[in-house]
Amino acid sequence: MKTNLKWLNEYLQPGLDLSEQAVLDLAQQIELTSVELESVGTAAAKQSGLVVVRVDSVVPHPDSDHMVITQVFDGQETIQVVTGAPNVAEGQLVILARVGAQIVDRESGDLVTIKEAQLRGETSYGMLVALQEIGLADAVAPQDFEEGIHVFTEEDGVKPGDDALAVLGLNDPMIDTDLTPNRADLLSMRGMAYELAAMTDQKVMLPQTTVLSDQSESNAVVTVAGNADLATGYAVRVLGQVKNDPSPLWLQSRLWNAGFKPENKITDLANYWLLLTGQPLHVYDLDKLATMQLEVRLAKEGETLPQGEEEAMALRAGQDIVVAAGDQILSLAGIATNPAVAVTADTTKVVVEAGQFNPSLLRQSARRHTLRSESSFRFERGIDLDQTLEVLDQVAAEMAMLTKGKIVVGLSKFGFAYRAPETIAISRDRINQILGTDLSVATISAIFTRLALPIDEKEGQYLVTIPGRRTDLTIPADLIEEVGRLYGYDNLPTALVEGQSTPGDLTPRQKKIRASREIMESLGFDQAISYALTTPEKATAFNLDQGRGVVALDYPMSSDRTTIRQNLLSGLLDDVAYNVARSVKDIALYEQGRIFLAQGENVQPEEREHLAGVLVGNVAESSWQTGEKDEVADFYDIKGRLEAYLQTIGLDSSAVRFEQSAQHEAMHPGQTADVYLGSTYLGFVGQIHPAVLANAKLPAVFAFEIDLEVVIDHSQAPVAYQPVSKYPQISRDLAVLVDDSIDQQQVFDVIKANGGDYLQNVTFFDLYTGQGLPAGKKSLAYQLTYQDKTDTLVESVVTDAFEKMTATLTAELSAEIR
C-alpha cells in the first residue's frame, strides 16, 4: 500500500520528522520492525523547476493552426511560452516547466531538461505541462484534463510563483509497503498511524465528526434487508441537495498519490475514507434506483451486472452476493458497481453504503469473475468490524459538508450484532521465556500501551483486549511477537542452543515409504502423481473401505475438483487415458500417496497411505534374435509383480493369500482377487471392468491397490541374504483333479501348509479343463522343490513328506492325485 507520510503526520502527535534522511531512517526502522517496503521517495522523483503561472494572454501562432503563443506570469516576471494545449485560456492558473526544469519522459522514464526552443519561428521559454507529463499515470489523472494541461481552480488556493510539485502533493514523502496477508490493519492510513505511533512512541489523533440530520429530506428514506450469512452487517445513509462538483486539490492529490483517479466529490470521499479507515464504501444515485428497498442477497438465475460499454457480466446464481433494489442489480457486493446507478456531476441525492460482506464468498466471486478492486482486496483480508457504522457516519458528515448537502434523518441497517471484545491471556514469564529476555512488567506494559492494546495486568499476568482492527492477533504467540518486534529484534540477547544434539535420521515408517517407491521402480513401474481432488464418482470407484462417505470441499475451485480422493486408481486411470490418447501403448505406472476417508461428524478426514499400480499393453516385446513374440499383460503379470513387491517389502510370503472377489463394481468379477495377509485385508488386484474401460475408451488395464499402512505395520526387517546351498534339490511334479469350485489358491495353501520342513518352493504351472476330464472337474499342476540346506536330502524323506501332503489334499479338498 502506498502511504503518504505527510498525510499520515496529521494523525500523529507530536509528529514525524519528514526530512529526507529522517524518512530513510524511518523506512529502515519499518523494515526491521514491521513489514517490507517496495519503495521510498516521492511521486515527483527528482523533478524540479515546475511553477504555478497565470495565463495573461493567448494569441494564435502565425504559422501554425494548432499552436498558440501565451504570456504567463510566475509572480515575478512575464514569460512567453508556445503551446499546443487545446484547453489553454486567458486567466487560468497552470503549470510551467521553466527553462532548465527537469521532468520525467513519459516513454523512457528518464529525466529530460527543458530548453529554450524555436517553434515555427516563435521562441518558447519553457513548456506548459499536463499532470501526465510530470509523473502521474494516465489511469489516475483527473478526467477533466485527460486531453490537455492541468488547470487549477479558485478552490485550490494557489497563486503564481507557487512550487507546482508542492501544491500537487507530488513532493510528499511516500512509502510503498509490501504487506503480508495477515496485516490487513495496514491497508489504511489509520492502521499505519497506529503502527508508526507504536514504533516511534507517539499518540494517534484521528478525525472526529458529528452527523447533523435534516428533516427536510425525510421523504428520501431507504430501507435495507439481508442475510447474516451473506453480511454480518449492512447499513446506508442518504444525502440530499448535494452539489457533486470536482473535488478540491487537497483531496485529489491524496487520491492520485495513492493510485486512485479523482472523479467527483462523492466518489472521491468514498475512496478517501477507504484509504483512511480501510472500510470499503459504495455510493449510488438515489434517483436512479428502481425501488427504495435495498436487499443483500444471492444472485438469481439469469441475472447480470451491466458494465457500461462492455458486455454485461453474467452472475452465478446462488453464489454471487449482490446488492439489489428489487430486480435491479446495484452492485456485485464489495467488488463492482452497476454504472447505471453510479453518481455523476448531476447527482443530487446519494445513498452511501457500508457493509461487512462474507469474505469467503466475496473472494470466490472476485476470482470467478477475474475482478479485483481495492474494496474486495480489503474484504478478503478482513476489515475492522467495530468501525463500520462509525465510518459511515463520518463519511456522510464530510460529504454533506463538502457538497453542501443534507443528511436524511435515520440510519437504515441490519445485522451488527454485539460482539464481545476478544481477549488473550499472557504472562510476563512466558514472554521472557520465549524471547530469552528479562523484560520488566513496566517495559511490557509500555509496549502494549504503545500498540494501543488495552491491558489488565496483575502481578505479571496480562489480559489483553484485542481491538477490531488487529485481526492478526488471535493467540498468545502473536502478542509475544508484538513485544519482540517493538522491543527490537536486534536487542534480543544472543544465546546458543541448549540440549543434546542427535543425528538426523528417518523413522522406520519413513524408510519403508521410501523403500516402497524404490521397489516399485525396480519392478518396472514409473511413478505418477495425480490430483488429490476429484469427483464424487471417481473418489469412491475403487475404495477398499466402501462404508465411508465422501469428503467434499466447502468451496471447490471447479466442478471436477469437488471431492478429496479415497483411492489412487481413479487418478491412475486418468493418467492411462492421457497416455493412450497420445499413442502410448505400453504403460506401467504406480502412485503412492495419501487417501482421505470421512470420519462421521469429524471435519478432519482420516489420512492413510496407499499404493496402486497399473499395467497396459505389452510387458515384453518381440525379439528377432530369440524369435519371441510380444507378451501382453494379463492378470498373472500384475499379480506376480504385486507378490514380488510384498515379498521384497518384508511381508511373510507364506501368509499372503489371494481370494477371488466380485465385490468391486469397477473390477472384472472373474479376474479380480482380494489380497490378505493372514486374515488382514490388504487390498485387491485384477482387471478393470470392461464397462469402465469401454466408457473411457481404454484397452485392457490390469491394476492393484493396497493399504500401505497395513503393509508397513506388518513388514519385517529387510531380507538378509544367505549363501546359496551347496546341497542338491529334489523336484516332484504334482497334478491334482479337483472340483471347478475350488480355487487354485486353496490347493496351493494346503500344499504349503503340509509340505514338510524341506519344502522350499511351490510353483503352479498348468491348468487343464479340456477333454478327458469328468464334468465339473479341472486339473491343476504344480512343481514342488525340496532341499536340506545342511545335508544331502534323502529320497525316502521327500517321498514320505510328499505322500502326507497328498493325503491331506485328498482329505480336505477331495482331490484326486493324477
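Including glycine, each Cβ sits where the backbone N, Cα and C put it.
Residues or ranges marked as domain 'TRNA-binding' by TrEMBL: 44-165. According to TrEMBL, the feature domain 'B5' maps to 419-494. As annotated by TrEMBL, Mg(2+) binding site applies to D472, D478, E481, E482. Per TrEMBL, the feature domain 'FDX-ACB' maps to 725-818.
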Give the residue counts of the domain 'B5' (419-494) per reduced DSSP state, in the order helix, strand, coil.
33 helix, 16 strand, 27 coil
I want the residues beyond D472, D478, E481, E482 whose C-beta is within 8 angstroms of the mean position of the Mg(2+) site's C-beta atoms, in chain order.
R470, L473, A477, L479, I480
List, in sequence order, the same-chain residues at least six positions removed whose CB sits under 8 Å from that of D472 (Mg(2+) binding site)?
N182, R183, A184, D185, D478
Under DSSP, the domain 'FDX-ACB' (725-818) has how many residues in helix, strand and coil?
30 helix, 32 strand, 32 coil
The domain 'B5' (419-494) [mean pLDDT, rounded to integer]:
95
Cβ atoms within 10 Å, counted per site: which of D478, E481, E482 has the most, among these binding-site residues?
E482
So, by DSSP, how many helix, strand and coil residues make up the domain 'TRNA-binding' (44-165)?
12 helix, 50 strand, 60 coil
